[in-house]
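First the structure, in the form of structure tokens, and then the observations on it.
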There are 2 protein chains.
Amino acid sequence: MLSRNDCLELDARDPLAARREMFDLPAGVIYLDGNSLGALPRNVRPRLEAAVQNEWGRDLIKSWNTADWINLPSRVGDRIARLIGAGAGEVIAADSTSVNLFKLAAGALKARPGRKVIVTEPGNFPTDLYILQGLRALLGDVELRVVERADLAGALDENVALLLLTHVHYKTGAIHNMAALTAAAHAVGALALWDLSHSAGALAVDLNGCGADLAVGCGYKYLNGGPGAPAFLFIAKHLQADFQTPLTGWMGHAAPFAFGDDYTPAPGVLRGLCGTPAVLGLSALEASLEAFDGVDMDQVRAKSMALGDLFLDLVLEHCEGFGLGCSRDAAARGSQVALTHESGYAIMQALIARGVIGDFRAPDVLRFGFTPLYVRYVDVWDAADILSDIMARGEWRQARYHEVSAVT
Amino acid sequence: MLSRNDCLELDARDPLAARREMFDLPAGVIYLDGNSLGALPRNVRPRLEAAVQNEWGRDLIKSWNTADWINLPSRVGDRIARLIGAGAGEVIAADSTSVNLFKLAAGALKARPGRKVIVTEPGNFPTDLYILQGLRALLGDVELRVVERADLAGALDENVALLLLTHVHYKTGAIHNMAALTAAAHAVGALALWDLSHSAGALAVDLNGCGADLAVGCGYKYLNGGPGAPAFLFIAKHLQADFQTPLTGWMGHAAPFAFGDDYTPAPGVLRGLCGTPAVLGLSALEASLEAFDGVDMDQVRAKSMALGDLFLDLVLEHCEGFGLGCSRDAAARGSQVALTHESGYAIMQALIARGVIGDFRAPDVLRFGFTPLYVRYVDVWDAADILSDIMARGEWRQARYHEVSAVT
């Protein structure tokens, strides 16, 4: 078992150690919730100030040209592309993950006429399921085949238009085999849509290497774009020319400023745009992505696995009563670990009161995310130590830790 | 004809004069494009700084509760409601105008089963038409009945599910009679959806007084929420319980943090939410709306009409070669005027070079917006004077004013 000093030594040798300085982290806090909301990169504040004061305030409407607001979605998209194995011109940043899921799932049904089935799994991040249910309610003629992950490959047949999966599970962190499942979808003529919300920025994703067709993902988790940051979507190059999303807003038009009455899709991935880009949110996200400049995602992944293992080793050694809500094999999980405990909610509140921030997911999961750009080995050691102390003292039994907030 | 001194006197007596101090306007600029992008309210900067530094940076994920991020969409919506004649709990701020149009138009078709026709007019702001075309392409079984405004009432029959109109036309500023057209839609059993993008914050809108069913609108024009600000949507109280949008993202769920697999709509207008709220954009919009605190919209309207008339009086008196692209009757137009000229693009560029900012809309429209909260009578006089000078000198004939930018 590693000692605290061992952890300090690991930090001293960590090739990513300097990245932590790029974040503005609150004192006295060990933040293990970057999988829910990434921490604040230092350059966001000056970038937003410039966007507000100079671009909006001073240059006003001219900034569409002078600050190139109009190309923010593709500029930010190209930055994200590098992190997820996509090419330039395959990704845009826009709207929310949920809205982008709707665009792409509906487009996939159009791209596979005659096929009415979408395959996905239960217990997926709910918005993925809800959006498919909304699409089914709208179209009527759609079958959702919701099957456990072990049965996914068997659920694919020639009636399937789309396989929609979240690459890294939001609760368990379990990673799907993107290459194998995409190939299985293709083998029956279906498309594969990957939700990268818990993958992008956390581990090396290789969309094109896996032959993925479509993807969406979140801007405010491991990409650190800020609360409710714009999301992204990916349409593989070879699908773009014929791809039709139903959300045909003016920014996805081939000539938005011609103000013609008839919709003609923009070339390439730009047809995935809908309304006017959220300039402030995109500016914050663009700045936040600079924290990944020059970063080797393999180093990120290696450190992430080491941090997760370290936490599990320490907690399972020193604390009793926890179940394991994730794989013990780091290679099989994303950048997060999950413990289960029937009093998980109160334990998490007690941890937060001691400055260790993770989150709770019903019914009994304590979730801890390890963001290699700003979490140190010693943070993980200290967090495990505090948890162990809370359990030893029974501190979480205090009534105040059982009060439920609006957002848990 | 009013002199410059008369204008200074009007400004001195203007009950809205003090509002101008709430905006951070660039020196040397007369900004007549608030109909495209509202100017920067001074309190946006500190509010955004607090949202970034304290809420995101310091309190991180806890801010969903402590800064009440979770209620931003309804909190901002309630502020907008007052300006558009809606009640509390009828408006939320979310997504873009285009996305919200899709939600409500699709929902209207669901609410009128068996009816397949949507009536609208040609030359509407294009995204309204494009979104309907996207909905038709997705559903197949939808007829878009696109008829000139004089024929709208006649186009309504018992096959019509929805009448979708923009209250104030984006180019001509022409105002529809919301009460009469809503009543005509209701007379055949159809719903009425109003796009308030060029009305909200510019003139007193009375959705409930007119019996309107549904509405959407823009946050970055007269509401001054910043570039690409979140938009809003309105669902009349009596329709909410049965209203189904197809964009059933997790934030529109009755219990988003229960993470259940099946979608159950939230009560009331909250079912219009889709993905995670754009906290930074909503925070800016919330701050910007404070500029309307205590403002009498009838005073706004009266000044807006006076400013538009003043501009048209001066320009048509002193300049030759302009056609009128809007009504000469202030009561028949919104807070903007339109002039037409075959060299309209170059003339607008020359004006912008002289510090008078309006915009150009193809093929030949010069559009000038008058935002009563920060535009003075003397600004209008000076703008007309500069335009007259540009025309007298033929200044706009210079080659540099004919270069076309990405966004015009």
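The backbone N, Cα and C atoms fix where each Cβ goes, glycine too.
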Notebook entry, point to check: In TrEMBL, B:Thr97, B:Ser98, B:Phe125, B:Pro126, B:Thr127, B:Asp128, B:Asp195, B:His198, B:Tyr220, B:Trp250, B:Thr276 are given as binding pyridoxal 5'-phosphate, so which of B:Thr66, B:Thr166, B:Thr172, B:Thr340 is in that site too?
Noted result: B:Thr166
Next item on the list: Select the most exposed residue of B:Phe125, B:Trp250, where exposure means the fewest other Cβ atoms within 10 Å, treating these as the binding-site residues.
Entry: B:Phe125
Next item on the list: With a CB cutoff of 8 A to chain A, go through the recorded positions B:Thr166, B:His198, B:Lys221, B:Trp250 and name the hits, or write none.
Entry: B:Trp250
Notebook entry, point to check: Do you know offhand how many angstrom separate B:Thr97 (pyridoxal 5'-phosphate binding site) and B:Lys221 (N6-(pyridoxal phosphate)lysine) by C-alpha?
Noted result: 12
Next item on the list: Whole number in angstrom, please: the longest C-alpha to C-alpha distance across B:Thr97, B:Ser98, B:Phe125, B:Pro126, B:Thr127, B:Asp128, B:Thr166, B:Asp195, B:His198, B:Tyr220, B:Trp250, B:Thr276 for pyridoxal 5'-phosphate.
Entry: 30
Note to self: Between the Cα atoms of B:Lys221 (N6-(pyridoxal phosphate)lysine) and B:His198 (pyridoxal 5'-phosphate binding site), what distance do you get, rounded to the nearest Å?
What the structure shows: 7
Next item on the list: Can you check which residues sit near B:Thr127 (pyridoxal 5'-phosphate binding site), meaning Cβ under 8 Å from its Cβ, same chain, 6 or more apart in sequence, and list them in order?
Entry: B:Thr97, B:Ser98, B:Leu101
Note to self: For the binding-site residues listed here (B:Thr97, B:Thr166), tell me which residue's CB has the most neighbouring CB atoms inside 10 Å.
What the structure shows: B:Thr97
